[in-house]
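Below: the structure, in structure tokens.
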Amino acid sequence: MAADNAGRWPGQPPGPPAPTHPASSVSLRWRVMLLAMSMVVISVVLMAVAVFAVTSRALYDDIDNQLRSRAQMLIESRSLDIDPGKAIEGTAYSDMNAMFYIPGRSKYTANQQGQTLPVGQPEQDVMDGTLLLSLRTVEHQRVLAIRLASGNTLLLSKSLAPTGKVLKRLGTVLLIVGGLGVAVAAIAGGMVASAGLRPVGRLTQAAERVARTDDLRPIPVIGNDELARLTETFNMMLRALAESRERQARLVTDAGHELRTPLTSLRTNVELLMESMKPGAPRIPEEDMAELRTDVIAQIEEMSTLVGDLVDLTRDDAGNAVHETVEITEVIDRSLERVRRRRNDIQFDVAVTPWQVYGDAAGLGRAVLNLLDNAAKWSPPGGRVGVGLTQIDALHAELVVSDRGPGIPPQERALVFERFFRSTSARSMPGSGLGLAIVKQVVLKHGGTLRIEDTVPGGTPPGTAMHVVLPGRPSPAGSDEAER
């Protein structure tokens, strides 16, 4: 992701979002509960396996220790040398099977009821002297064979059946306890999921309420955790949506109000023309007819300008603009050509530095044209308008459009960028009251700033200087200041 953002322009919006994957059909509550159950099941299984393994190993080690201890006792007591038959018979009382083998002479054996001490090849090897010791499990018995220093062999075995029963009972207990643990985990997971996701449920209900009823009331914020911040973010979205709808309603209302005046005047003039064309109606003098035609054309142009401005505003609001690298100097040149055709009596003093901005070329062109049109409109006949573009730091350049008109009072400077605002002195001038609103909207969307100052502070008249700061970079064509 860092590599994707490294080459991004100042103010450039992020690229298209990554493709999303189909959402799971399992609800978030079930996923949380299943996750908790899975963790508990894994923990219970690991614990049960560990307990069973440790217990099993301990029980088998205990049997081995019993066999070794019994053999050691028989050897150290020398009872096998004194009376081997009695010693082997006594071993049977300790739940063990025993055999004492004296090569070439005799074999003493004592077994538990229903059991036989198994003698296999390992035990035979000990009896033959090939091995000194053998310890193994065979026929559900643990068998120990030891070669004594006298050449005799002692064999002991103990049944594993009691140990198997203990381990079986232990497995049953672990299974029951584990099952209860999973059940408790499922119940606890469901309760935790219900309690933890209750704010998400409120958000879902609020979103459904907005979609169903257009009710944009904020949701109460409880706590200060992540879900509370999510609720605050959702409330911010609701406020932004409410403000957007309010702006749309205000735009429609203001547009209807602004269109009413030229439409009424146009309708009156058209009706007057139609009445004059009826048979027997008095003819309008040619001078008045020419004035009437001029008024109709002016009213149509006024409505066309207003509709065009409204289209520009709604286009920017919709966010459908195509962003690309824009040469601001070229935008200024094209705008100057259009303004000069309308006001060829105005002298434009241009000094610009090559500068590029990543953004909407059409929107930037409209903003620059509106600034130049506004300056030309308020300039006296034969006046001069200054147009300057200078780099103020590595990432920003400032466009200044100044005139020598009457200026804007300080108390109105914050209002001139509002839609349809027209000061008392401006109401007698042509215009829709949307030009500077478009400028503000375009500049802010490109991450810029704007302010109003006097061209000649304290002068009579003071004039107006519009300062627009735009992020971007120097044009590769060069950074020397160009004079036009």
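Cβ coordinates are placed from backbone N, Cα and C, and glycine is handled just like the others.
Some features that Swiss-Prot has for this protein:
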TOPO_DOM  1-31  topological domain 'Cytoplasmic'
REGION    1-23  region 'Disordered'
COMPBIAS  1-10  compositional bias 'Low complexity'
COMPBIAS  11-20  compositional bias 'Pro residues'
TRANSMEM  32-52  transmembrane segment
TOPO_DOM  53-172  topological domain 'Extracellular'
TRANSMEM  173-193  transmembrane segment
TOPO_DOM  194-484  topological domain 'Cytoplasmic'
DOMAIN    194-246  domain 'HAMP'
DOMAIN    254-474  domain 'Histidine kinase'
MOD_RES   H257  phosphohistidine
Averaged pLDDT score, the topological domain 'Extracellular' (53-172): 88
Summary of DSSP states over the topological domain 'Extracellular' (53-172), given as helix, strand and coil counts: 60 helix, 31 strand, 29 coil
Three-state composition of the domain 'HAMP' (194-246), taking helix and strand from DSSP: 40 helix, 0 strand, 13 coil
